[in-house]
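Here is what Swiss-Prot records for this protein:
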| type | residues | note |
| --- | --- | --- |
| ACT_SITE | ASP652 | active site, proton acceptor |
| DISULFID | CYS301-CYS306 | disulfide bond |
| DISULFID | CYS319-CYS333 | disulfide bond |
| DISULFID | CYS339-CYS353 | disulfide bond |
| DISULFID | CYS347-CYS362 | disulfide bond |
| DISULFID | CYS364-CYS379 | disulfide bond |
| CARBOHYD | ASN171 | N-linked glycosylation site |
| CARBOHYD | ASN234 | N-linked glycosylation site |
| CARBOHYD | ASN346 | N-linked glycosylation site |
| CARBOHYD | ASN354 | N-linked glycosylation site |
| CARBOHYD | ASN380 | N-linked glycosylation site |
| SIGNAL | 1-42 | signal peptide |
| TRANSMEM | 452-470 | transmembrane segment |
Amino acid sequence: MPSRSPACRPRGRNRRSAADAVARPLALALILVSTLPRAAHSQDLALPPVQPRGVRRTMTCDNIPEPFGTRSRGASRLPGFEVTCGPNREAMLSIGGDAYMIDFVSVSGSYVVVFAEPITQVCYDGKGKPTPDTGTGAKSSEGTTTTFTWSLEGTPFTFSKSNKLVNFGCNRTLMANFFIVPGDSSPLYTSCTTTCNTLQISGSCLGEACCEAPMDQVNGAKAFSLSFERTTANGTGEEDGTCSAAFFLDKDETVFTFSGDEVRPLKTALLPPGERRMVLDWAIGSTSCEQTQSYTFEKLCKYGTCVDAPTGAGYLCKCPSGYDGNPYVSDGCQDINECRNYNSNNCTYQNLCNNTLGGYTCSCPENNIGDGYRTGTGCNTTLATPVSPSQQPQGINVCDHPEKNPCTYIKYCIDLEGVVSCACPEGMSGDGRKNGRGCCFSCQKHFPLDTVLGVSLVLMVTTTTAASCYCWAVKKRELGRKRAELFRKNGGLLLQQRFSTITSQGEDQYSSKIFSAEELKAATDNYSESRILGRGGQGTVYKGILPDQTVVAIKKSKVFDESQVEQFVNEIAILSQIDHPNVVKLLGCCLETQVPLLVYEFISNGTLFQHIHNRNATRPLTWEDCLRIAAETADALAYLHSASSIPIIHRDIKSSNILLDGNFVAKIADFGASRSVPFDQTHITTLIQGTIGYLDPEYFQSSQLTEKSDVYSFGVVLAELLTRQKPISAARPEDSCNLAMHLVVLFNKGRLLQEIEPHILAEAGEDQCYAVAELSVRCLNVKGEERPAMVVVASVLQELRRSFTIDQAVGIKDESIQENSEQEEKHLHESRSIPSLQSSEVSTQCSMEAKMSSFC
C-alpha cells in the first residue's frame with residue numbers, strides 16, 4: 001500500500017474525520033491479513049494477471065512473443081510476423097509500407113494492438129483554411145467525393161470488430177465499406193454523422209462534434225473504403241486550431257482525454273495521435289486446418305493443436321485442453337492450476353480440489369457421499385458410514401441398537417445393508433454423528449482458507465483504492481483552488497474582461513489565449529532542462545510543443561510585482577494586439593502559476609548577439625544582412641513608439657533580444673521590462689532597469705524613461721554590427737571598456753576605421769561605414785532630446801539599404817584601403833563636415849558612463 005504523504009492529508013476537522021473513516025477499514029483489513037495462518041503458500045495467493053487493453057504496455061523487441069519475431073532473434077518463422085526495433089527497442093510492425101508501434105500481443109486471443117495514426121485528418125489555420133491532410137489512408141477523389149482506402153491484403157491481419165470508427169469534427173458524415181476480399185460485391189457497411197452547435201464538446205461521443213460507427217459485424221475484413229464529407233457549408237469547426245478526423249479506435253478506449261462531465265474546446269479535446277490504439281486480428285495462412293497439409297501445421301503447431309481462425313480464413317495454434325500459454329514455442333504451454341480459482345474448476349469444496357496435468361479431480365470430505373462436482377452429485381452432508389461385519393451381526397439393524405447407533409438422533413439413522421446414514425432434524429445443521437459435529441441450531445460455519453484469503457484481499461484492495469481516490473480528490477481540489485486563487489491574484493479576471501472588450505470591438509484576430517498550467521506543463525515536458533532555450537535577467541525561456549504541434553517559446557519570469565497587476569494586464573492586452581512582422585508575436589499567457597508565464601511564437605535561428613560574436617558561424621552575417629536587420633529593428637521600434645495603439649518603450653533593446661528566423665529576418669523579443677506611455681505624457685519615472693552597456697546614461701541618472709532611451713540602446717547595437725565587439729569588454733583598455741563611449745571618441749578623432757571589422761569595411765565601403773557610424777553616434781548623444789526619433793533612424797537605414805543595393809547593381813567597388821596614416825588624415829578632414837559631439841558633451845557622457853564602467 002503506498003504511504004500517505006503529508007501533501008495529500010486533508011485540512012480541518014471534517015476532512016480529518018472523513019480520512020479516518022477511510023483509514024479504519026484499511027487498518028482492520030491489514031489486521032485481518034496479518035492474522036491469517038502462515039501455512040498459506042505465496043503461490044496459492046497469486047492472482048492471475050489482468051491486462052485490459054485500455055492500459056498502455058508497449059511491447060519491446062525483447063519481450064515480443066512468437067509467432068512474432070525479430071531478425072536478431074532469428075526472425076519469425078511465418079511471413080508477415082517479422083517486427084523491427086525502434087530507437088528505444090519498441091517493437092514496430094510493418095504493414096503496407098507503414099510502421100506501427102505494437103502495444104500488446106495476445107497469443108490466446110490472436111490479436112495485436114497497435115498505435116495508429118488517423119485515416120484522414122485536416123486541421124484549420126487562423127484564416128479558416130485547411131492544412132494538408134495528415135492521414136495515412138490512400139486518398140482518391142471523384143467529383144466532390146473524396147475516398148480513403150486501406151488494404152491488408154497479403155498480410156496475416158484483418159480489421160477487428162473490437163474496434164470502432166470515430167468521426168470527429170463539425171457537420172461531417174463518415175461512410176465506410178468493409179470487404180472480406182478486396183473488390184467484394186457485398187461489403188459490410190457502417191456510418192455516422194456529426195452536428196455542431198458550439199465549439200465546445202463534452203466527454204461523450206454521441207453525435208455532437210463526435211460520433212462512433214460500430215464495427216460489431218466486421219469480422220475478417222481485409223480492406224475498407226471510407227468517404228468523409230461535410231454535410232453543411234456554414235464553416236462551423238473550421239476555426240484556428242480545430243481539426244476534423246476519422247480514425248480507428250479500440251472500442252475499450254475513450255475518444256477524449258477527459259470525462260463526460262467536463263466541457264472543453266474542440267481543439268483540445270482529442271487524444272494525441274500517438275495515443276490512439278486499434279486492434280488487428282491475425283491468423284496463419286488463408287486455409288483451414290483441414291485444407292492445410294498436415295505436415296505444415298504439424299511443424300508450426302508441434303507444441304499445440306491446430307484450430308480454424310474465428311475470422312474465417314487461416315488457422316491458429318492452441319494449447320491442449322487444461323494448458324495455457326504460447327503454443328508456438330517449446331514448453332510454451334503450461335498446465336493450468338484450476339484449483340487456484342473457483343471459476344476455473346467445478347469442485348463443491350475448493351480445498352478438496354486436486355490439480356493434475358491437463359485437468360483436476362474433486363473429492364468430498366470424510367464420511368460424505370457424492371462425486372464432489374458441483375454439476376454432479378456433489379457432496380451430501382447426510383453421512384454414509386459403512387459398518388463392519390463385526391459391528392453389525394447378520395440380520396441386525398444397527399439403528400435399532402443405541403449402543404451400536406453412531407447417530408446423535410436415533411430416529412434419523414438409516415441402515416441400508418450395512419451402510420449407515422445420519423441426518424439432523426429440520427432447522428438444525430451438522431453431520432448428525434456422535435463422534436462428528438453432531439447437530440446444533442447455530443453451528444459455526446467453517447470457510448475454506450482460500451475464501452478467507454480472497455475476501456481479505458478484496459477488502460484490502462477496496463479500502464486501499466478508496467483511500468487513494470480520496471487522497472487524489474483532496475489534492476486535486478486543493479490544486480484547483482490554489483490555481484483559481486493565483487489566477488485571480490495575477491489579474492486573470494481582469495485580463496478576461498479586457499480580451500472580451502477587444503473581441504467585442506472586432507479585433508479578436510489579434511487577441512491572445514489564456515493557457516492553463518497543465519497545458520504548458522505538458523508542452524514543456526514538465527519544464528525539462530532539455531527544453532531550455534536560454535536564461536536571462538528576467539527569467540528562463542523554454543521550448544514548448546502545444547497539442548496541435550505548434551512550437552512556441554514559453555517565458556518563465558523570476559519575479560512578479562503583485563502591486564502592478566493592473567499595469568501587467570494592460571500591457572499584456574496591448575502586446576497581444578501588436579501585429580508587426582519584426583516583433584515576436586505574443587500568443588498568450590498563463591496566470592495559474594506563482595509567476596505568470598508568457599507564450600510567444602518560436603523563432604528558430606538564435607539571437608543577433610550569437611551571430612555577431614560567433615566567429616565560427618557557418619553563415620556569417622554580410623553587410624547587406626546587417627543593414628536589413630538594423631532597418632527592420634528600427635522600423636519595429638518606430639512602430640512601438642508611435643504606430644501601436646499605445647506607445648510602448650521596450651527598455652531593454654540589445655542584440656540578444658533581437659531574434660533571427662530561418663531567413664535572418666529580425667524579430668524584437670523580451671518585453672519583460674517594457675512600459676507603456678500614456679498619450680498625454682512624454683516620459684514615465686520608474687526604477688532603473690536594463691542591461692549595462694546598452695543603458696541610457698540620462699535614464700540612469702534621472703530615472704525618467706523616454707522613447708529616446710530605446711534610441712540610445714539601438715545606437716549600441718549599430719556599434720556592435722560595425723565593430724563586432726561586445727558592449728562591455730575587459731579586453732579593451734579600462735578607459736574604453738564601454739563600446740558606446742569608445743566609438744564616440746574614435747569617431748570624433750577620425751580614427752574609426754581601426755575598430756571596424758575588416759571584412760565589413762571591405763564589403764560595405766568607407767562611405768557606408770561612416771554613414772552608419774554617424775547614425776550610431778547621433779543615437780548615442782548624451783542628451784536624449786538631441787537624439788533622432790526611431791522613425792528618422794529607420795528612414796536613414798532604409799535609404800542606406802537602397803544606396804547599397806544600387807551600388808552593387810552597377811558594380812561599384814570600393815578602392816583598396818590606403819595606408820592607415822592617409823586614411824586617418826582623409827577622414828579627419830571629412831569628419832569636420834559631420835556634426836560631432838562637443839567636447840563638453842563627451843565629457844558629460846564619459847562621467848555618466850564612468851559610473852557604469854566599473855562593471856567592466
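Even glycines carry a Cβ here, placed using N, Cα and C.
Here the features listed in Swiss-Prot are painted onto the structure.
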residue	record	Cβ contacts under 8 Å, 6 or more apart
CYS319	disulfide bond	SER108, TYR303, GLY304, THR305, GLY325, PRO327, GLY332, CYS333
CYS339	disulfide bond	ASN345, CYS347, GLN350, CYS353, ASN354, ASN355, TYR360
ASN346	N-linked glycosylation site	CYS362, TYR373, ARG374, THR375, GLY376
CYS364	disulfide bond	THR348, TYR349, LEU352, GLY370, ASP371, GLY372, GLY378, CYS379, ASN380
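The secondary structure of CYS339 (disulfide bond), as reduced to three states from DSSP, is helical.
For ASP652 (active site, proton acceptor), the nearest neighbour among the listed recorded positions (ASN171, CYS301, CYS306), judged by C-alpha distance, is ASN171. Calculated from their C-alpha atoms, the gap between ASN171 (N-linked glycosylation site) and CYS306 (disulfide bond) amounts to 48 Å. Taking a C-beta cut-off of under 8 Å and a sequence gap of six or more, CYS301 (disulfide bond) has these contacts in its own chain: CYS317, PRO327, TYR328. In this structure, ASP652 (active site, proton acceptor) belongs to neither helix nor strand by DSSP; it is coil. Secondary structure at ASN346 (N-linked glycosylation site), as computed by DSSP, is coil. Mapped onto three states, the DSSP output places ASN171 (N-linked glycosylation site) in coil.
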